[in-house]
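Residues or ranges marked as transmembrane segment in TrEMBL: A:17-35, A:55-82, A:103-128, A:148-169, A:201-221, A:227-258, A:287-308, A:481-503, A:534-557, A:569-589. Under the heading domain 'ABC3 transporter permease C-terminal', TrEMBL lists A:59-178.
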Amino acid sequence: MLNKLALSGIKHRLRDYSVLFSGLIIASAIFYMFMSLATNSSFLKSNSPAQATSFIYGFGAVLLAIITIVYINYANGFLLSMRQKEYGMFMMLGAKSSKISKMIFVETFTIGAIATVLGSVIGIVATSFVSQLIIKSLDMKVTHFNSFYLPALLITFAFFIVIFIFSALKNSISIRRTKVLTLLHKDSQPARIKKNKALKVFQVILGIVFLGIGYGTMIVMGSNPVLIYLGVPVALFTIVIGTYFMINAVIIAVISALKRNKKFSQKGLNNFTLSQLSFRISDYTKILSMVAMMFALALGAITVGLGFQNQISTVVDGQNYYDVTVNNINNSQQKRIDKLNTKQVVTYSYKASKGTVYYQASEFKKTPFKYQKFNMKSMIGKTSSTTDPSNADVSYELLNNNLPRYRTSKISVVDGAKFDSIDSKANSLTLVKTKSFNKDLATIKKINQSEQKRYPELKGSGASKYDAYVMVNGIFSGLEFMGLFLGIAFLAMLASCLMFKILSGASSDVKRYNMLYKIGTRTKVLRSNINKEIAVLFAVPAGLGIIHVLIGLQMFSKILYKPYMNIEIPFGIFIILYLGYYFVTRYLYKKIVLK
Amino acid sequence: MQKIVEVKNIEKIYGKAGEKQYKALSDVNFEVEPGEFVGIMGASGSGKTTLLNILSTLDTPTSGQVHIGGQDITKLNTNEMADFRANKIGFIFQDFNLLENLTAYENIALPLALQNTDSKKIDPAVMSISKKLGLTDILNHYPTELSGGQKQRVAAARALVHDPAIVFGDEPTGALDSKSARALLDTMSKINHEDNVSILLVTHDPFSASYCDRIIFIKDGEIGQELKRDDHTRGEFYQEILDSLGTFAE
């Protein structure tokens, strides 16, 4: 009989349960997606040159596990809050608490198990979809990646089963310990705001100090990457604590100040909104700080990931000024070059004899040779030009453009008479600079291929700019892929965490909004009030997270050339996705709260 | 003189046509004069809450007309209804319905803020009504720090602060102990006499009803008899109500 009652209870609250259920499914799907990367060691090895990768992934796995536990804790609290009134009623009608707690155990565990299985399946599908999308759209080379990876699936199952056993135990114990009357009147439990000015001021100071230490550490790490193993934990610890105090003290102080401004607070529902917020934020401090941190990590991961994409062209450009090199040009290669959007085309003639490659001074005088002056410190080449490429720096790059057989030769720039007198066949070297290497990539690839056919020695020599591009792209794509994947996974997780926390408080707001409606508040006003309130709850962690990222990018100032370049792209993508969660949350919230 | 409330041939039917229908109100007619303190009495399920919901524009009648302050409230759209409630009506509910995250002061000021009253005018209005209801010492307290009687007085202040045309009380003493209930009724009665505020009280409690000038009895969705206090003392009127309830229930 009780089981029947429990089932009918679920049916009645199908909408709330569907929110809970989809949240749990998302959690397990994301966990699987991450694990399919993190546990796949052959993928990690083949796609990242950096020693730090497994460290980064291990760190990510721990973070994700923590956030998943927190998330399930919230979801579990939401489940219990929906059901406890009913449980209280069953107990009042004489059901034994042992029976009820058994029922709760079964219910929690069943929901968790079904969600985990469904989530893993969705995770497999989503992994293949997302990875294909990322790989294709960014022309990436990712090897050893498989959306179905058994060890990841097993870890996901094991992890979630353990968590749900604990949640189920926690639920059944908490019901056993709570009095029937408390269960029945749970909704009307008062919510109090504690005020202690001295403590708040102390928290503000602590918040600023901790954030200062954290930010400082990140900047120091940027100029000295060796400190990364010590610096990351220090920065993480201090910034987490700093964020917590900032939200707990500073934001509440701002709200109180707004409340004291009567002109503002006594307009429409402003006072109500501010009170809701100050109550909410003190209740939400933990989750908002966590969301702010996750926001920063996720956005940081995406930004750095895309930063590597920017890096590709920078590094490739550093290798060679000219985009295309053709030896002894023929008609078909000429036709291909004509298709390019060129900035400069230059042809030099040369003769090779006894370990020396001879060029004519008059040709360089007419069109100076352009090369990349490479700076080891910044890893960036700066374009320069010269009429005498025989010195060591420049001859290296010019020889790189010649066929590999001349690689060890010397360069000699001679006058016309001397050139003519050399007893060797005259060759030509055509160099092309395009307006955009990336836009002409397809044609450049063709020219490169046909050049390799004409001169098989070019194969595997890695001499051309295109070859360099392929190699660098391979290295950076792995890093970029991880950044994007991690970023999107964390975003989905943090935003659904926040969504859940907000929605689980919705039922207690029904009465408040109903009262406001009764005393004559227009539905439109109620709606806009809800929008504002939820917007602030989403904006606070986002704002702090963005500041964390902007400063955190300093960590990469040595690894990435211009870490702030094109920053609006990852920020834009991220904010659009995050806004999506905001709109879903406020829609669901209004569905629960308003008639 | 214009009536404050005029109810003509109100009918309320629940359930769609073709399905099983339930008639909650049938041919209800009555009026409330300005400054009158009227009680509506009836047992549970008699239709008194339905009637109050219609009078306060929270529900609409199936047929019939309701005029409040000369305005036909059955012809209003949702926004107009909300504005009407905000401007013309004060509510006192059985379970106080205070917002527990606002202080007593902020709760009382809420209806004025909703009407976008100039913030300079809000403070004197709140202070004046608080003084009248003896709330000045507890204005900075949150509802959870107040007793039931204090909470209900805060709710009464909130119902009165914007000078509504009429105050509706839905079993306002239902959740109070007898001493607090008596204090609240004394206050309402005082405001009714001194400030000429019209009050419509829905109750099933004869003691609360004995404070009214006139009682309208409702049973199974229909108006039964009416009882006027006239020159009787409250004690006599109370006895009269008890007698009527005895006969009315049969």
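Each residue, glycine too, has its Cβ placed from N, Cα and C.
Values in this document were obtained by computation on a predicted structure and should not be read as measured data.
Could you place the listed features in the three-dimensional structure?
Tertiary neighbourhood of the transmembrane segment (A:17-35): same-chain residues 10, 60-61, 64, 68, 71-72, 75, 78-79, 82, 111-112, 114-116, 118-120, 122-124, 126-127, 130, 149, 151-153, 155-156, 159-160, 485-486, 489, 492-493, 496, 499-500, 503, 588, selected by CB-CB distance under 8 Å and a gap of 6+ residues from either end.
A Cβ distance under 8 Å defines the sequence-distant neighbours of the transmembrane segment (A:55-82), meaning residues of its chain 6+ beyond its ends; these are 13, 16-17, 20, 23-24, 27, 30-31, 34-35, 37-38, 44, 104, 107-108, 111-112, 159, 163-164, 167, 170-171, 174-175, 186, 229, 232, 287, 290, 294, 297, 482, 486, 489-490, 493-494, 496-497, 500-501, 503-504, 507.
Sequence-distant neighbours of the transmembrane segment (A:103-128) (same chain, 6+ residues past either end, Cβ-Cβ under 8 Å): 2-3, 6, 10, 17, 20-21, 24-33, 36, 72, 76, 79-80, 83, 87, 147-148, 153, 156-157, 160-161, 163-165, 167-169, 171-172, 175.
The list of residues near the transmembrane segment (A:227-258) in space but at least 6 beyond its ends in sequence, with Cβ under 8 angstroms from a Cβ of it, reads 52, 55, 59, 200-201, 203-204, 206-215, 217-218, 220-221, 264-265, 270, 274, 277-278, 281-282, 285-286, 288-289, 292-293, 296, 540-541, 544, 548, 552, 555.
For the transmembrane segment (A:534-557), the list of distant contacts is 215, 218-219, 221-223, 228, 231, 235, 239, 243, 246-247, 251, 277, 280-281, 284, 288-289, 291-296, 299-300, 303-304, 307, 494, 498, 502, 563-564, 567, 571, 575, 578, 581-582, 585-586, 589: same-chain residues at least six beyond its ends, Cβ to Cβ under 8 Å.
Non-local neighbours of the transmembrane segment (A:569-589) in the same chain are 19, 295, 298-299, 302-303, 305-306, 487-488, 491, 495-496, 498-499, 502-503, 506, 530-531, 534-535, 538, 542, 546; each lies 6+ residues outside the stretch with a CB under 8 Å from one of its CB atoms.
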Using a Cβ cut-off under 8 Å, which residues of the same chain at least 6 positions beyond either end of the transmembrane segment (A:201-221) come close to it?
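Hits for the transmembrane segment (A:201-221): 227-228, 231-232, 234-239, 241-246, 248-250, 253, 551-552, 554-555.
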By DSSP, how many residues in the domain 'ABC3 transporter permease C-terminal' (A:59-178) are helix, how many strand, and how many coil?
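So the counts come to 103 helix, 0 strand, 17 coil.
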So what pLDDT does the domain 'ABC3 transporter permease C-terminal' (A:59-178) average out to?
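Over the domain 'ABC3 transporter permease C-terminal' (A:59-178), the predicted model scores a mean pLDDT of 79.
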